[in-house]
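What Swiss-Prot annotates here:
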- CYS148, CYS151, LYS152: heme binding site (BINDING)
- TYR235, HIS283: substrate binding site (BINDING)
- HIS294, CYS332, CYS335, HIS336: heme c 5 binding site (BINDING)
- 1-31: signal peptide (SIGNAL)
Amino acid sequence: MKNKERKLKSWQGWLIFSSSMVVVFCLGLLAASVTERRAEIQSIYANKKDKIAPFEARNEMYRGNYPREYETWTYTADTSFRSEFNGSQAIDVLEQRPNMVIFWAGYAFSRDYTSPRGHMHAIQDMQRTLRTGNPGIDGAGDMQPATCWVCKSPDVPRMMQAIGVDEFYKNKWSSLGSDIVNPIGCADCHDPETMDLHISRPALIEAFQRRGLDITKASHQEMRSLVCAQCHVEYYFKGEGKYLTFPWDKGMTMEDAERYYDEAEYYDYIHTLSRAPILKAQHPDFEISQHGIHAQRGVSCADCHMPYISEGGVKFSDHHITSPLAHMDRTCQTCHRESEEELRKNVYERQRKANEVRNQLENELAKAHLEAQFAWDKGATEKEMTPILKYIRQSQWRWDYGVASHGASFHAPQEITRILSNGLERAMQARIEIARVLARHGYTDEVPLPDVSTKEKAQKYIGLDMDGLHKNKEKFLETVVPKWVKKAKGKGLLIAAK
């Protein structure tokens, strides 16, 4: 019995010894692999091929030192991704939802509004949109200030350094056409020398300062969202100098921004049909995302829109900034264990429900504008219309704040539904008050509304000569833009053929 026990113990000892040797061998391989990968990473950063100058805006200059990041950045030119709700291709939103033409009567967005493409298209899309007009063609001047360039190019910080921030904003859009030529890229988010994340646009820094906050104390994880917040926010052009300003002084909710604008008696345009003083929301992506569960749990923009890629011993951020639905295995499924199909269904469900409210709001708001026009024509007084125009202004602000934000119905579905529902209530209230005004003026029938069921019909109704606008834009693209490109190349500002 004792001999048998000794044999068992001996056998067990050899098993333990052999297992230990295998474990030690595997640990050795792992240590060697880790050391090799660390050496590979250190080699990449220690042996940079090119010295990059401060304010270097040419994205191609970063390719030698950061080939992986550069290559994935070039994929932002790809427009093949599709989802149930748009994707990375330019879609004519006015064609899909012609009521928006009515909302923007008297404003450039009624001419042209498409869903955004990737960052590499930023300059080209700015030049092509009808919203920037055709300066220099048949004596036409600028429709927009140079402030419109601020979020389109890493040339912007370079020019701000060269001529000053105030002077940059004061310029006309076309005056910087040969200087703002490289699309959104490296220097917008990175210090060219250290490649640390940095804030290159003064408006975000100034917004923090006015709230008593120091943006330089932000953590690296916070910076992975704040570099996006330089542009993906609500803003306006303040005063005669068109100074880019974020309306965050009173807080970062929709109501806070509205209160800021109301106290400043600010409006973007007077609606040519209803005569309401309208606010045009930009794209309050950052503000709205802060109301969502992901941001509240510390998830950054880059975590989902720039997921990590491992290549050999290198882990780097994918600079193909796009919808997380395009790479769900590297975005959603790094935290969530459900299938892609289930997760995609969850996203679409949130978007569909928000869009139900949005569609109701758009129908009511369009009628409110048209019925207000009818009331004016029937002799309504300014005193009678003032509270109605306030409802319309509030309704459209809530609509625009909700729909202008990219991905809002996913980032913060409860907040977006709240905002849109609030806007719907105000549009309906405006229509009720219009009916009362009309009744006082002896009109009690249903208001006859024009046929604005298509983009073409709506644009014709508000008085746009679309054939002329397109013709002049074509002349602009054929004559003015090539001169900008030639001049930029002559100054050494542009490398790639564009």
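Keep in mind that glycine also has a Cβ here, set from the backbone N, Cα and C atoms.
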Integer Å distance between the CA atoms belonging to CYS148 (heme binding site) and HIS336 (heme c 5 binding site): 39
For LYS152 (heme binding site), nearby residues of its own chain (Cβ under 8 Å, 6 or more apart in sequence): ALA122, ILE123, MET126, ILE180, PRO183, ILE184
Where LYS152 (heme binding site) sits in the secondary structure, as DSSP reduces it to three classes: coil
Cβ atoms near HIS283 (substrate binding site) (within 10 Å, other residues, all chains): 21
Rounded Cα separation (Å) that holds between CYS332 (heme c 5 binding site) and CYS148 (heme binding site): 34
Neighbours of TYR235 (substrate binding site) among the binding-site residues CYS148, CYS151, HIS294, CYS335 (Cα to Cα, within 10 Å): none
When distances run from the Cα of CYS335 (heme c 5 binding site) to each of the binding-site residues CYS148, CYS151, HIS283, the nearest one: HIS283
Pairwise Cα distance for CYS148 (heme binding site)/HIS283 (substrate binding site) [Å, integer]: 14
Separation of alpha carbons, CYS151 (heme binding site) and HIS283 (substrate binding site) (Å): 12
Cα-to-Cα gap, CYS151 (heme binding site) vs HIS294 (heme c 5 binding site), nearest whole Å: 25
Most Cβ neighbours inside 10 Å, all chains, among the binding-site residues CYS151, CYS335: CYS151
Fewest-neighbour residue among binding-site residues, criterion Cβ within 10 Å, set HIS294, HIS336: HIS336
All-chain count of other Cβ atoms within 10 Å of CYS332 (heme c 5 binding site): 21
